[in-house]
Amino acid sequence: MDVSDVTSRYNDRLRVTDYADAATNGLQVGPGDRSVERIAFAVDAAAATISDAVEWGADLLVVHHGVAWGGLDAVTGREYDRIAALVDGECALYAAHLPLDGHPELGNAAHVADVLGLTQRSPFGDHSGEQIGLQGQLPDPTSAPALSKSLAAALPTGDQPVQVLDVGPAELTDVAVVTGSGADWLREAEANGVDALVTGEGKGKLYHEAREAGVSVFLAGHYATETGGVRALEAVADDWGVETRFISHPTGL
């Protein structure tokens with residue numbers, strides 16, 4: 001198996017060409033004909049995760065947040081350092097951003113939905129015609145504090161509490177999920193009649209918008225809500241006869 005084989009398999013599974021994305025989805029760094037025996041997985045292609053991948057001897061690093069956003073006009077500074085570390089370490093880089101957010105089985109939103117036990121799921125979070133989230137029903141009506149505890153227990157939030165804007169119904173049933181920075185989908189949540197929106201991080205105007213919409217919002221951390229997708233890709237690769245390793249590097253954000 002070489003880098004092109006891995007790239008093709010993930011590209012097809014995630015439908016990477018169907019998404020309008022600021023990120024470059026697919027192979028970002030490295031030759032396609034390099035043999036792959038070890039694949040490392042991480043949320044972010046940062047200096048720390050690249051260093052860990054190279055030290056382990058990874059032939060390929062698979063991430064959610066890569067190094068190419070809207071094209072690369074210049075490769076200098078920290079961008080140069082990251083790419084140089086990959087090239088010098090003979091480690092290719094594959095990234096899947098929005099396609100990994102919204103995949104109904106492998107995606108970040110699907111992982112959070114699994115954590116919450118959501119049933120009757122349907123696509124949510126329209127982004128240029130593709131859906132990057134999910135909505136569904138909780139197994140039982142749940143209070144905001146109880147839902148917050150469930151998220152904190154199941155996601156790698158570290159010492160950071162799940163922030164809760166408890167401005168919706170006292171008992172929550174219908175929940176929408178857009179991981180990472182998903183506060184912009186509050187209006188869609190309101191339009192769909194859900195009781196709560198689970199995402200990673202918010203914006204200053206979110207409190208009043210959520211309060212006026214009557215939709216509770218749970219901010220569980222950008223990193224914490226987006227580990228599930230790359231872990232799912234790791235599980236897929238485990239069946240390919242290669243060594244895999246997840247590099248955990250929580251940001252607390």
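Residue 1 is the first one shown; counting continues down the chain.
Backbone N, Cα and C atoms are what each Cβ position is placed from, and that goes for glycine too.
Here Swiss-Prot flags H64, D101, E226 as divalent metal cation 1 binding site, drawing on similarity to another entry. Shown in sequence order, V43, H64, D101, N108, T179, G180, G200 are the residues of the chain, 6+ apart in sequence, with a C-beta less than 8 angstroms from the C-beta of E226 (divalent metal cation 1 binding site).
Its Cβ placed at the centre, H65 (divalent metal cation 2 binding site) has 20 other Cβ atoms within 10 Å. Marked as divalent metal cation 2 binding site by Swiss-Prot: H65, H222, E226.
Cβ proximity to the divalent metal cation 2 site centre (mean Cβ of H65, H222, E226, cutoff 8 Å) flags the following additional same-chain residues: V43, D44, H64, T179, G180, G200, Y223, T225. Residue density at D101 (divalent metal cation 1 binding site): 29 other Cβ atoms are found within 10 A of its Cβ, drawing on all protein chains shown. Minimal Cβ crowding within 10 Å, among the binding-site residues H64, H222, is found at H222. Within 8 Å of the Cβ centroid of the divalent metal cation 1 site, not counting the listed residues H64, D101, E226, the chain contributes V43, H65, H97, L100, G107, N108, T179, G180, T225, G229, V230.
The DSSP secondary structure for H222 (divalent metal cation 2 binding site) is coil.
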